[in-house]
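As given in TrEMBL:
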- B:6-76: domain 'Glycine transporter' (DOMAIN)
- B:94-167: domain 'Glycine transporter' (DOMAIN)
- B:6-23: transmembrane segment (TRANSMEM)
- B:30-51: transmembrane segment (TRANSMEM)
- B:57-80: transmembrane segment (TRANSMEM)
- B:92-112: transmembrane segment (TRANSMEM)
- B:118-139: transmembrane segment (TRANSMEM)
- B:151-170: transmembrane segment (TRANSMEM)
- B:176-195: transmembrane segment (TRANSMEM)
Amino acid sequence: MHLITFIEIVAILVGAFSGFIEARRKRMDVVGVFTVAFIAAFGGGTLRDILLDRRPLFWVTHQEYAILIFVLALVASPLIRTLRHRVSERMIVIADAVGLGLFSVAGVSSALEAHMPLFIASMMGVITGIFGGVLRDIVCNEVPMVFRDGKPYAICAFIGNWIFLLMGLYGVEHDFALWSSALFISGLRLICWKFDMTLGR
Amino acid sequence: MHLITFIEIVAILVGAFSGFIEARRKRMDVVGVFTVAFIAAFGGGTLRDILLDRRPLFWVTHQEYAILIFVLALVASPLIRTLRHRVSERMIVIADAVGLGLFSVAGVSSALEAHMPLFIASMMGVITGIFGGVLRDIVCNEVPMVFRDGKPYAICAFIGNWIFLLMGLYGVEHDFALWSSALFISGLRLICWKFDMTLGR
Amino acid sequence: MHLITFIEIVAILVGAFSGFIEARRKRMDVVGVFTVAFIAAFGGGTLRDILLDRRPLFWVTHQEYAILIFVLALVASPLIRTLRHRVSERMIVIADAVGLGLFSVAGVSSALEAHMPLFIASMMGVITGIFGGVLRDIVCNEVPMVFRDGKPYAICAFIGNWIFLLMGLYGVEHDFALWSSALFISGLRLICWKFDMTLGR
């Protein structure tokens, strides 16, 4: 399996899970649960592809991922109630950090393939990393969490994306650059969370 | 007139009407009334076409429909006040059910023309059927009704879309499959509404 | 520098400023401030380009404008606090009126280049002029101001766009038509604001 593909699958499952939780919190029905999970999982990558005019979309060529979320949504409602007590906040934050790293770097990589200039590529990475959550929060009628909690999240992705871009410029091997940047983003995010860092306002 | 075209016109008028009502309820001005009606009417089909990368958009090639909604918005404000007392909730639900059936099946049909895989085509049909209302509710700063009321709505569209797809696979004549699936969706929706069915959460 | 380009730069800066203010009012952090400013500045033009299927997007070919907003967002947070006391509401309304005129006419011009029919072109101009603010308000979880305050805003753009289109039909020189229509829109908007006109509801 191609590396980027594997990266996106893991990130999608993590995204969908955040959608399940948020939709349940808003007391949505099964249609809402599926749609919000779908948007949380594919929203960032879809927005990136629309902005870059890349078609077919990731979830169109891989309908198996859409079906997977569909099946998960059907079984999620009872499951989530059980899981919520078992899944600690800590596990969610970790999974989410992993998703952020993977999604962001995959986004930069796609933007470079589409010959975007460097700054735009770094932004496309951040969009891929955070806009699933942003669109999820907009549909759930919330001010997006990532814009208001003052915790370094998008910024971790932004820094990591530049590390990836710089490694590319200096000729570092592509797969190594990809994995190490994703790891850097996830790690930085977790450190910021662990020590409860906040950005100045 | 081509069948699909006629289907979309009826569905657009029904969608615009739901936008007029929602925008008036939010005390919007004439610009808001037009925009929300436009989004409710064309939002689902436009999102589908952006996802499928189909251009020109339906309302671009048929500017007469955009003009029609424009004129309706200008005369709607005083009209809606009168109509609201005359138009019972029942009539709105019926018109909306007809719109859901027509939009959804037209959406599946478009997705098949664009060579989408079956599950994605069924989803594109649901998106075409419900996202006018979803985008309308987002602009009106509400959690989309279709995600939270627990009434079978998107699900009726989803089931009907699969009936349409299966009829296609078994070689049923296209126009017959189109009309009967649309009718099935509208009928199922009305039955669910009549007997006040709800989905389990 | 090409005329249209200059028009868009000024309009972008004005849009970004409205985003800074709105994001600060919602107590967003620096990521929110940048994103909302970016959406307010580029949202209208981006939506227009997605609807018209024009790529690359304006801010992709001109990454310097994205970088400019990025730098402004970094220095904006402390600046805004100071500026808010110095910048009167009057200055904001004037800058915004200038932006509305410039954006709208640039939008019509783009739509004509893409061979849109006249009514659609006039709408694309309005979308370019107002959807930065609409998307900004949606992300900030507000009913868009332009749809509810009953003040002529989108309508000024709509009328000015038709003046531009009619001047085109009657063979008026393009640059003159562009500037005079933009000026007309800004002036009409300011007159409506000055005399506190409202639309009937």
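Heads up, the Cβ atoms here are built off N, Cα and C, so glycines get one too.
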Is it the case that the transmembrane segment (B:57-80) and the transmembrane segment (B:30-51) touch, counting contact as three or more CB pairs under 8 Å in which the residues of each pair are 6 or more positions apart?
yes
Under the DSSP assignment, what numbers of helix, strand and coil residues are found in the domain 'Glycine transporter' (B:94-167)?
60 helix, 0 strand, 14 coil
Excluding the flanking five residues on each side, which residues at least 6 beyond the ends of the transmembrane segment (B:6-23) place their CB within less than 8 Å of a CB in that stretch?
32-33, 35-45, 58, 65, 68-69, 72-73, 76, 80, 84, 92, 95-96, 98-99, 102-103, 105-106, 132-133, 136-137, 140, 178, 182
Three-state composition of the domain 'Glycine transporter' (B:6-76), taking helix and strand from DSSP:
61 helix, 0 strand, 10 coil
